[in-house]
Structures are given as C-alpha cells and as structure tokens.
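Q: Per Swiss-Prot, the feature FAD binding site maps to 214, 215, 216, 217, 235, 236, 237, 241, 253, 254, 255, 294. The NADP(+) binding site annotation in Swiss-Prot covers 217, 237, 294, 330-331, 360-361, 370-374, 399-400, 438. Annotation comment: Swiss-Prot describes 122-133 as compositional bias 'Basic and acidic residues'. Annotation source Swiss-Prot lists domain 'FAD-binding FR-type' at 155-279, citing sequence analysis. Annotation comment: Swiss-Prot describes 99-142 as region 'Disordered'.
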C-alpha cells in the first residue's frame, strides 16, 4: 500500500464535508509507528488531511506519537479533486515521523502551486473575521507602573519569620509539598497577586560561595492568608531527583530548606518580582487557569481575590462578576493541593467558577493512557476556544513546561474549525496582554 493510498483512506469523507490539513513536525519512532509498513521521515513536515468530525481524535493521536501541529488549514471543496488535495507530499498520521534535525527547525515539504491556497492570512485579518464581536483585539497590555518590584534585593534582603509550615499532600500522595506562611511585620514588602519572591537559603554552594536565591510564586493575596496585610505565603515542593551518573537521590537545596523549616525561623526574602502573571483589574473579566502541581500557587491568589468573603470585603473596588475555570493536573487525588478550598469555592459560586481535575495516575484519556492536563484541555478544547475568543478573557498557565505543546495542539484543532490559525491568534493574545505563561 502506498503512502498516498493511506492518506486517501484517512480522509474518506462525503463530498462537501469539511476537511482540514494538519502540518505536523517532530513525531518520533515508537511502538505504534513500529507496526506500520511505511518509511519514517527524518526531517521536514508531514501534511495530514483530517475530516471535521475526527479533528480532536487525530490531534490526540499526533500528540501521542510525539508530533507537534505547526499549522491547521481548511481544504475547500474546490481544492478537493476526486477526494485528493493538491498538496504534493502527505501521509497518514500513524505512518510517518517528521523529526527536525540540525538547527531544530522544521524543513517544509515541497508542494505544488495548489499549496498556496493554504497560506496563512495575516493574524489581524483572522481576528477581524473570527472575533466574537467582529472586532480586532485592540486591548493594550495593562499599565504596570504602580506594581511593586525589587523592594528588597539580594544584598539587603528582608528578614521574615516563619509563622507556620503545613503539609498539603494528603496520606498516600506523592512527594512533599508545604504551605509556608511568613510574618512581614517590621518591613515594607508589598506585593500583588501573580508575583514571585526570592528566598536565599543559608550556607554556601560547592564552590564555597553563598547560596543564590531561588524564586517562588506567591500563594497568598496582597492581603495575606489572614487578610491583615502582615503575611505572605508560598507553596513549595521538595525537589527530588536521581543523579544521572551516580544514581543517588539528590534533594533541592532551597526547596528542602523551606519544606522542613520550623516556625520561628528567620528567612531572607527578596523581591517581589514579576509582571507577567498579574490578574486583570476588570471584575467582569473571564479567567482560564491551567496548572500542574505547585503551579496552583498564583491561581490560588486569583481565586481568593475573586471569591473569598474576607478578600471581597477588603477590596470593595474589585467585586468579581466574571467567569473563571481552573483545570488542575496532579498525579493522585491526595496530591490535589488546596482541595477543600477549591471545592468550597466551586460549591458556593457554581455560576462563576468551574473546577476540572486531570489526575494522571487514576484517570484514563480516550486512548487509554494517563489523563494529563493537556488531555483535559483537548477534551474541552471547543469550549475553551469559545471562551478565549471573548476579549475579556485572560488565560494563565503555570507549572510544568511539558504541558504547553499539548495545550497548543488542542487549541489549534479547535481554532481551525473556524478557519483560524492558533499560532497567529496566540501571538495577538500575547500582544494584548491576555495570554500569561510561567512554566519551568
């Protein structure tokens, strides 16, 4: 069977059905591709034709095969001739790998003149056509001139005192994660939701120099957990990994210091820093939050500011009336950090807050594998896309960097159903200050 035949079989749809072409790079050799009879590409892009009703399934399959969707374009009825597109080189998703080599960039497959029909229109043109109100996204980034930054520097840190250090992982969970609250009285360490602070651990490094600071996302609102403007809190996981050569277990210096610190201990604090993850001032904004593990820290600050009674009383100028949606990825149920808080908010504000878990070691994705956050995003991609199109919507991503590719693939598929190229649309979201990412 030829590659072209495999391609046609994958796109066997009725005349007039909507069809899309995925440009894919980076699919790798694995058990599934080992079972095929087709050659594996070593470089360049693979073009895969997908019917509308299989877009999400194909996107998930491509992600499972290690591929990354670069573009998704529509195929009009005029571009389909006897069920064939005019793209010269195409293949079935499970039969080829397009892994970029050398400079790490994709090398496009040569196409004939018909491929010009798939050229991406300017981003602003797409937004004009596809914005839900028919307007371009002209919202400017929020002015951050009044945001406090670097009030305390490494050479003159603030000395805070530990008030409490409480475990967040329940029995049967994986790893150590602590909620640590510090006393800020006697200083001028002001901060707002979405910022980070630096912690300088005691001691010296292997070169005999003082330990360098580590940054941690703040887990409390500007008013602190007690809503008295006197504290700041962190959500810290003890870093633990195997040394690649010796195989010994290695623990992070600063994370171990913090997760085991005793109340009453003094800690060197710097900052605050960061303007990327700030919550919009508009109380009618919509907020999408995608988090894994301790990436919940800034999301907790947003949710407290939006929904906690004491916070709402302390912020009469900000009474949240929008819609927020948290998709939270964790390995097990005992690893759902702040579970009681989250579910209390969901129960109290069902019309304004939606909570979705992705529990990788307990739940299965549609392919039978582990349910990661990107799988949940794919499951709800159409709903999320409709929300993202609203000019009042801000999206926040915090946690493991590995989730970004799957999230982009899911939203690419959803956007393509309306003829929008996600990568271009995302760039405009960033320019408008509506796409916020803090991953590691």
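Cβ coordinates are placed from backbone N, Cα and C, and glycine is handled just like the others.
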Q: For the domain 'FAD-binding FR-type' (155-279), report the average pLDDT of the model, please.
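A: The answer is 96, the mean pLDDT of the model over that range.
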Q: Using DSSP, how many residues of the domain 'FAD-binding FR-type' (155-279) fall into helix, strand and coil, respectively?
A: 7 helix, 51 strand, 67 coil
Q: If we check Cα distances from residue 237 (FAD binding site), which of the binding-site residues 294, 371, 373 wins as closest?
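A: That would be 294, nearest by Cα distance.
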Q: Residue 438 (NADP(+) binding site): which of the binding-site residues 214, 216, 235, 253, 255 is the nearest Cα neighbour?
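A: Sorting the binding-site residues by distance from residue 438 (NADP(+) binding site), the top entry is 216.
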Q: Around residue 373 (NADP(+) binding site), how many other C-beta atoms are within 10 angstroms of its C-beta?
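A: Within a 10 Å radius of the Cβ of residue 373 (NADP(+) binding site) lie 26 other Cβ atoms.
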Q: Return the single residue from the binding-site residues list (214, 237, 361) that has the minimum number of other CB atoms within 10 Å.
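A: Result for the binding-site residues 214, 237, 361: minimum number of other Cβ atoms within 10 Å at 361.
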Q: Out of 217, 255, give me whichever of these binding-site residues has the highest number of other Cβ atoms within 10 Å.
A: 217
Q: What is the interatomic distance between the Cα atoms of residue 331 (NADP(+) binding site) and residue 216 (FAD binding site), given in whole Å?
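A: So the alpha carbons of residue 331 (NADP(+) binding site) and residue 216 (FAD binding site) sit roughly 21 Å from each other.
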Q: Which ones in the same chain are close to residue 253 (FAD binding site), with CB under 8 Å and 6+ residues apart in sequence?
A: 201, 203, 205, 211
Q: Over all shown protein chains, what is the count of other CB atoms within 10 A of the CB belonging to residue 216 (FAD binding site)?
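A: So the Cβ neighbour count for residue 216 (FAD binding site) comes to 22.
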